[in-house]
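First up is the structure itself, then whatever we jot down about it.
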Amino acid sequence: MHSTSETRSGSWLSVIALALAAFIFNTTEFVPVGLLSDIGHSFDMPTSQVGLMLTIYAWVVSLASLPMMLLTRNIERRKLLVGVFLLFIASHVLSGLAWNFPVLMLSRIGIAFAHAVFWAITASLAVRVAPPGQQAKALGLLATGTTLAMVLGIPLGRVVGEALGWRTTFMAIAGLSVLTLLYLVRSLPPLPSQNSGSLRSLPMLFRRPALVCLYILTVVVISAQFTAYSYIEPFARQVAQMGGEATTLLLLLFGGAGIFGSLLFSRYSEAFPRGFLLAAILALGTSLALLLPFSAQPTWLMALSVLWGMSIMCFGLAQQSRVLRLASDATDVAMALFSGLYNVGIGAGALLGSVVSERLGLAAIGYVGAALALAGLLLALFTALRYAGALKTTSL
């Protein structure tokens, strides 16, 4: 059992448990990116149509995040996480058994509901259970779990899918989720709902213009990211003419770069908050603009993926940190909105990438994403200049 003093003093074991859960959830959200071709082959569908499963998943998360958070706001958080994981596991088993694409989509919707609750509460929980004075590092560790999903989860999911079939990938995630659930139950202390906010928090949050601009910026930049990233596997295979192993390595490098992005965030984000965010968006836009030119040489494309992976991780962490600072009195509502809008961006980007792939060809996805990133950079500049005072709030 966990004593009250342990809960109050914080524990790295609890933070690690949440980071493991973050690894699982981010792996399953994006693992279809590496399996689009295989899933399309199983159901005799083009990758542009299969890729819409990313859009539907993301938009279910975006629509469900706030309502699910409000419905569960009074539930003790450890019990809530257990329920979330049980739904998550059952839905993955259904994914592995899916006999047609609609059934696969139904299972993904179940996973999306679990995702909606998980990410609405996890960042604030990591801050709560962290040792005193280590809240920023706790967020960094949570981000490491997210990064490892890109580094190991998605490439390993692709390797397993190619060797044993994509269904096995989903079954393996279900098995790993069972082990993670057991660790969560053992390591987390009782966590009563705290500062979750309510529906009455929404008008208050939307009266904070810096926070509203932050939310809009998130949608724009994440749309830019997923216009290209959603279709990076078919882009690598068809445009860059890379083989299966090289494509897996490309995904591995992209994810691995996120580790360096999280380190950069931990070291420089508080010292240079404005410049850090602007540099991240500029690097992202540059990476997307160079995607097609660098596809002529696989080694160039792999090197570019490192900059790309670092930049999107830096952006996501910077935005998450700002949400927690600007809405410290209603963290769960604010993070539910952030998670929902982040997934609006994912869904919009995946949908736009599908349209671009069909109308202009896969080769154009980077240029369209770069144009959106440029719009995001201009918005970030406006926000930094207009609301500089609000963004200089106290640290976590």
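Cβ coordinates are placed from backbone N, Cα and C, and glycine is handled just like the others.
Positions annotated as transmembrane segment by Swiss-Prot: 15-35 (among others).
If you look up Swiss-Prot, you'll see 50-70 (among others) marked as transmembrane segment, on the strength of sequence analysis.
Outside the transmembrane segment (81-101), and at least 6 residues removed from its termini, the chain residues within Cβ reach (under 8 Å) are 21, 24-25, 28, 43, 45, 50, 107-108, 110-111, 113-115, 117-118, 121, 167-168, 170-171, 173-174, 177-178, 180-181, 184-185, 188. The transmembrane segment annotation in Swiss-Prot covers 81-101 (among others).
Here the transmembrane segment (103-123) has long-range neighbours at 18, 21-22, 25, 28-29, 39, 43, 53, 56-58, 60-61, 64-66, 68-69, 72, 77, 80-81, 84-85, 87-88, 90-92, 94-95, 97, 139, 142, 196, 320, 324, 331-332, 335-336, 339-340, meaning same-chain residues at least 6 beyond its ends whose C-beta is under 8 angstroms from one of its own. Annotated transmembrane segment per Swiss-Prot: 103-123 (among others), in sequence order.
Proximity of distant same-chain residues to the transmembrane segment (136-156), defined by a Cβ-Cβ separation under 8 Å and at least 6 residues beyond the stretch ends, is recorded for 12, 15-16, 18-27, 30-31, 33-34, 122-123, 126-127, 129-130, 248-249, 251-252, 254-256, 258-259, 261-262, 265-266, 270, 309, 313, 316-317, 320-321, 324, 395-396. Annotation comment: Swiss-Prot describes 136-156 (among others) as transmembrane segment.
Residues or ranges marked as transmembrane segment in Swiss-Prot: 165-185 (among others). Same-chain neighbours of the transmembrane segment (165-185): 17-18, 20-21, 24, 27-28, 31, 35, 38-39, 42, 78, 81-82, 85-86, 88-89, 92-93, 95-98, 157-158, counting only residues six or more beyond its ends whose CB sits under 8 Å from a CB of the stretch.
Under 8 Å from some Cβ of the transmembrane segment (209-229) lie the Cβ atoms of residues 33, 54, 235, 281, 284-285, 288, 291, 312, 315, 319, 322-323, 326-327, 334, 337-338, 341-342, 344-346, 348-350, 352-353, 356, 365-366, 368-373, 375-376, 379-380, 382-383, 386-387, 390-391, all in the same chain and six or more residues away from its ends. The annotation transmembrane segment is assigned in Swiss-Prot to 209-229 (among others) on the grounds of sequence analysis.
Listed as Cβ neighbours of the transmembrane segment (246-266) (distance under 8 Å, sequence separation of 6 or more from its ends, same chain) are residues 33-34, 136-137, 140, 143-144, 146-155, 158-159, 232-233, 236-237, 276, 298, 301-302, 305-314, 317-318, 321. As annotated by Swiss-Prot, transmembrane segment applies to 246-266 (among others), with the evidence given as sequence analysis.
Per Swiss-Prot, transmembrane segment is recorded for 276-296 (among others), and the stated evidence type is sequence analysis.
What Swiss-Prot lists as transmembrane segment is 298-318 (among others). Counting only same-chain residues 6+ beyond the ends of the transmembrane segment (298-318), those with a CB under 8 A from a CB of the stretch are 139-140, 143, 146-147, 150, 221, 225, 229, 236, 240, 242, 246, 249-250, 253-258, 260-262, 264-265, 269, 273, 276-277, 279-281, 283-284, 286-288, 290-291, 342.
Swiss-Prot lists 333-353 (among others) with the feature transmembrane segment, giving sequence analysis as the kind of evidence.
The list of residues near the transmembrane segment (362-382) in space but at least 6 beyond its ends in sequence, with Cβ under 8 angstroms from a Cβ of it, reads 213, 216-217, 220-221, 223-225, 227-228, 231, 234-235, 238-239, 277-278, 281-282, 284-286, 288-292, 295, 349, 352-353, 356. Here Swiss-Prot flags 362-382 (among others) as transmembrane segment, drawing on sequence analysis.
Here the transmembrane segment (333-353) does not touch the transmembrane segment (15-35). Their Cβ atoms form fewer than 3 pairs under 8 Å, with each pair 6 or more residues apart.
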